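Look at TrEMBL and you will find A:6-29, A:75-95, A:101-126, A:147-168, A:192-211, A:248-266, A:272-293, A:305-328 tagged as transmembrane segment.
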Amino acid sequence: MSLTLINVLAAVIIAIAFVAANAAYLVWAERKGAGFIQRRPGPTENGPWGLLQPPVDGIKLMTKQLLIPGGVDKIIFVIAPVLAMFPSIVSFVTIPFSDTIVAHNINIGLLMIFVFGSMSAMAILMGGWSSRNKYSMISSVRAVSQAVAYEIPMLITAITVVMIAGSLDLMEIVHKQSGGFWHWNIWPFQKGLFNILMPASFLIFFICSLAETNRAPFDLGEAESELVAGYHTEYSSMGFGLFFMGEYANIVIGACLTTILFLGGWDCPFGLFPGVWWFIVKIYILIFTFIWIRWTFPRTTIYSLLNLSWKVLIPISLFNLLLTAGLLKVF
Amino acid sequence: MSEPIVLQPDETFILNVGPQHPATHGVLRVKMTMDGEYIYNAETVIGYIHRMHEKMAENRTYPQYLPNLSRLDYLSAMAYCHGYVLAVEKAAAVEVPERAEYIRAITVEMNRISSHLVWFGAFVMDLGGFSPLMYAFDDREQILDLLEAVTGSRLTYCYFRFGGLYNDVDDDFIEGTRRFVKRMRKSLKMYHKLVTTNVILMKRLMGIGPVSAEMCQRYGATGPVARGSGINYDVRRNEPYSVYPEFDFDIPVYNEGDSYARYKVRMEEMEQSLRIIEQGLDKLPDGPINPEKKPKTIKLPPGDYYTAVEAGRGSFGIRIVSNGDKSPYRLKLRSPTYSNMHLFDEACRGMLIADALAFMGSLDLVIPEMDR
Amino acid sequence: MFRYFNDIFSGLWSLFIGLGITFQEFFKPKITIHYPHQSIKMTARYRGHIELIPGEEGQPLCVVCGMCEKACPSNCISIGGEKPEGSKKKVLTSYRLDFTTCSLCGSCVDSCNFGAIRFSKEYNLASTRKEDFHFDLLKRLEESKQ
């Protein structure tokens, strides 16, 4: 009993450290990536290549005054940023990085990640609603309708993969894809079923994870040029910092999930040396794509976003679900 | 947005956009009455940076007023200066050498491109795309470098003088400008690929903020805003001034009247400006840049004078009432943004706030020019 | 139905083209200059604040005609001169420039018929005190001589 407790504690601490380090350095990577795309060097002043920028930013944020504006709903206002960060840390506990590196594998890991994933929309709603700011309120309303619209296609595509794997266990899903890149779920060459819609499914899942994490071009909640800063307009100091880190932690989770479901997890593309490094390489390629997309496209609007979800993503993913089910039955 | 939305006037709240807001680019305040995300009514509040430029003219001599013109529209300062010197030259009957006229046209068109580039970048940034701004600024930097080498200043040029210019251009400038024209053509292709044909941008702009030709006429809107609504009016063509009749260029006109039409008008105007610059460089005559006989003090004969030029944002008019003094009795500036902006109140009703801000961006407002 | 799929594919294609362009830009050389560490040379015609041009012996060429004072739109130049005994020419005793109101229009340099003033190339001017921008150009000239 006590050993399990220590295990879990250690896992949680490692998860927190991993999330925090990732969130901090993803901010650096984002700025550096944005800089390179815009033909400027990005942060350079602190440390070599600006590598000391995240700790400096962190200290700045922590030492700032935590301002609670008058008239806000205090309890909700304070809870919201914690709630933005907490689910992403918990989600990390169930994500397997390799056969052996996993904090606590449970057989409904995927379900649990989705459950905690939906909580981030809750945090945005609470933060925006309690701020007593009209911009924040509009932003939180937007974020919720966005979350509802994008959870559905995301779940449907995930169910497709679950049907192929026959399990909700993330380990199991990866094991089913092992043995070279042609076995990955992204390709339509699954044993016995030639489902040509699988690449589309991958794309849908990727788009949905963009929308779920409130990243550009779906950053309607933040919408800098319309809603100033959206739901975190009124937050200062670490309140803002937690929202910010929560966003980046969600990106990491989105990338991990996409890797596990579609890109074969820690499986090597050529069937050699499977190991945690492949997983890391894959998630960072995906994260780079997140950054790359953000600095390329303009923002969508709320109705074109909902149109995309209800008219394109959901029909296609539903059709794919039916097709996969049929193919599984026939072969 | 296929069916018109019936808004409830009794369930509204008031949203103050500005005077400090990322999308208003300056100190414009819009008081929006919102029904959810839909705008029920909007009221623009202007005048936050009124600097009484018109009154200042009454206390200054004609040459002393020259630097003020660059401070109206800081993005296309050349065109405003051009309008003023043309007005005074016409009134005081000052001859302008041909070389000076050509150099004026070239620099004004370069300035127009740089102004449109800033608009392009800022507009796409309003829509949430950040990188095009940096690319646009990179191209604009080339123009500013060229103009700085000639005029000595990067933004508030104050380059034109009555009857001529402040400085002559050199071969470096001509060569550099030719190089820039080539480079800019390449960049424009890139912008079209990256932004114009982007599906997200098209979805956001097509059909958004329709402005009819009738409405443009009612509010006196000019420039790309009117040309995007099917009004074929360009001062350079309709009331030719300077050496513009000698150039071969097209006036892009679109009939849709939506934000995308205005976007395309400006993008094509850049191409036309490049054509004008090329022709100007080819035709550039030798000779002096200032008239041999220049009146020592400029005094306009008593009367009422009006001149209009095509500035980056539309028709910029300047009316000088003189009573024969060294300074004008009254000077009135007709700034295009002022008229263009007033479309906003009427046109944005029933729009989503995101669309309204995209629409505002497509009007290309420069607040200091509007407030004067 | 065809239009539906056509819209999706053409839309996706335009997005991929955009991604391709930014990916190319990613590897292009950087174009910015790191200002405090690097700086560029100002062009020959750069309009900084004005300064007096030294003559052959380092004396100012100014004859105190007051044209620049009159030409200035914002009245930021004030000059003083006196006639020493036995001399026909006025001699410059003070040339003050109030840089806080100067708009760098160049009217003063334009109006000078004796070629006595020019633009400096200074652009790194910053201070928290207003008085630092009240320049005494005659003093500057003497300092530059040494």
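Every residue, even glycine, has its Cβ placed from backbone N, Cα and C.
Ranked by number of Cβ pairs under 8 Å to the transmembrane segment (A:305-328), the listed stretches A:6-29, A:75-95, A:101-126, A:147-168, A:272-293 are led by A:147-168. When each of A:6-29, A:101-126, A:272-293 is checked for Cβ pairs under 8 Å to the transmembrane segment (A:192-211), A:272-293 comes out on top. With a threshold of 8 Å between CB atoms, the same-chain residues lying at least 6 positions outside the transmembrane segment (A:248-266) that come near it are 19, 22-23, 26-27, 30, 85, 88-89, 91-92, 95-99, 110, 113, 117, 120, 157-158, 161, 170, 173-174, 177-178, 181, 183-186, 201-202, 205-206, 209-210, 212-215, 274-276, 278-279, 282-284, 286-287, 290.
For the transmembrane segment (A:272-293), the residues of the chain that approach it from at least six positions outside its boundaries are 26, 29-30, 33-34, 37, 97-99, 101, 178, 206, 210, 213, 215-217, 251-252, 254-256, 258-259, 263, 265-266, judged by C-beta separation under 8 angstroms.
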